[in-house]
Amino acid sequence: ALLSSSCRWRQVSWLVCECLAVDMATSSAQKPVLFILFLAALQVITYTSQSILVTLTKTSGVYNYDPNSNVLLTEVFKLLFALISLIRSGEISSLSLPQGKGHKAGLAPVVVLRKSLTFAVPAVLYVLHNNLIFLSLLYLSAPVYQLLNNMKILTTGVVFRFMLKRKLAVIQWIALLQLTVGMGVTSMDKATSAIEHEDEHSGLSAWMTGLLLMFILALCSAAAGCWTELIVKTSGYPLQVTNAWLYSYGILFSSAIYIWHREPGHNFFDGYTPLAFAVAVTNSILGMVISFILKHGDNIIKLFASSSAVLFTAALSWPLFDYRPGPGLWLGWILVGCS
């Protein structure tokens, strides 16, 4: 099974490489709709895999490995991917940030560093977001996590309005309100799973804690996503240049969190299993796919794709975790889907 899983991950990685090749050879104006749909489908697959894999790495409600190290490993994978892409395309020199419109060549290192600070803000938000994923899944089952993950639509709608100055139609605000109601209805759900019976995090208090964590996660995602979209579309830099700087700052902040929380005597890969490595690979692919979507689409496409992962996660959780959705969750899915 592990060999089969490894083969599948190689196939997914190859697909992402093909995305890079297409991106380097084709201008944004020439992007076919099918390419965007392919990216959205790949996001659904990785989003679904993310919550399932993280849940599978829990033992009696806890992680045997350090989630902070996993977030750091994810950032390293993404940076390596971006650097390899720049080397292949011959754009590695663009890391000095001279290529966009209005930028001068031969910038001093101090000036380059100062200009790169633009990427530090979304990097901090993404690192916080990625750490909250592991924390949230300690309190929530994978299907409930994915359902509450749609809170990002509400927060992104608000951020879109005030940060990117994009107006939403009345029907869109109604949809956001319906989405909020749909997520609130999930509190009625009394569904349990075989795994949750063993968890130390269970009951209404755990659900409320998970809800609060998901709200913070949604705020981080909305702010980081809109900020990144703004940078990607207005900076004039190649996509992988913005990614490389973003991931570099991600490594910096992830390293600080890892060192701060590291227990004495524990090594970086202590407790790691093939599934733990699969989590890092999945999250790195997800991050890169989202960067392509923000470049050639927008945050709304990203949110539609993440919303579609709800039902796929529930379908896989039933046989994997003996998860049986209650009426509250079914009603929540219907309301969220309609929104």
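Cβ coordinates come from backbone N, Cα and C, glycine included.
Going by TrEMBL, these are the annotated features:
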TRANSMEM  33-57  transmembrane segment
TRANSMEM  132-148  transmembrane segment
TRANSMEM  168-186  transmembrane segment
TRANSMEM  206-232  transmembrane segment
TRANSMEM  244-260  transmembrane segment
TRANSMEM  272-294  transmembrane segment
TRANSMEM  301-321  transmembrane segment
**Prompt:** Are there residues at least 6 beyond the ends of the transmembrane segment (33-57) whose Cβ is under 8 Å from a Cβ of it, and what are they?
**Reply:** 12, 15-16, 19, 22, 63-65, 133-134, 137, 141-142, 145-146, 195, 273, 275-276, 278-279, 282-283, 285-286, 289-290, 292-293, 296-297, 301-302, 304-306, 308-309, 312-313, 316-317, 320-321
**Prompt:** So, do the transmembrane segment (272-294) and the transmembrane segment (206-232) meet, by the test of 3 or more Cβ pairs under 8 Å (sequence gap 6 or more)?
**Reply:** yes
**Asked** By a Cβ-Cβ criterion of under 8 Å, what residues six or more beyond either terminus of the transmembrane segment (244-260) are in contact with it?
**Response** 66, 68-69, 71-72, 75-76, 78-79, 82-83, 86, 95, 97, 116, 119-120, 122-124, 126-127, 130-131, 228
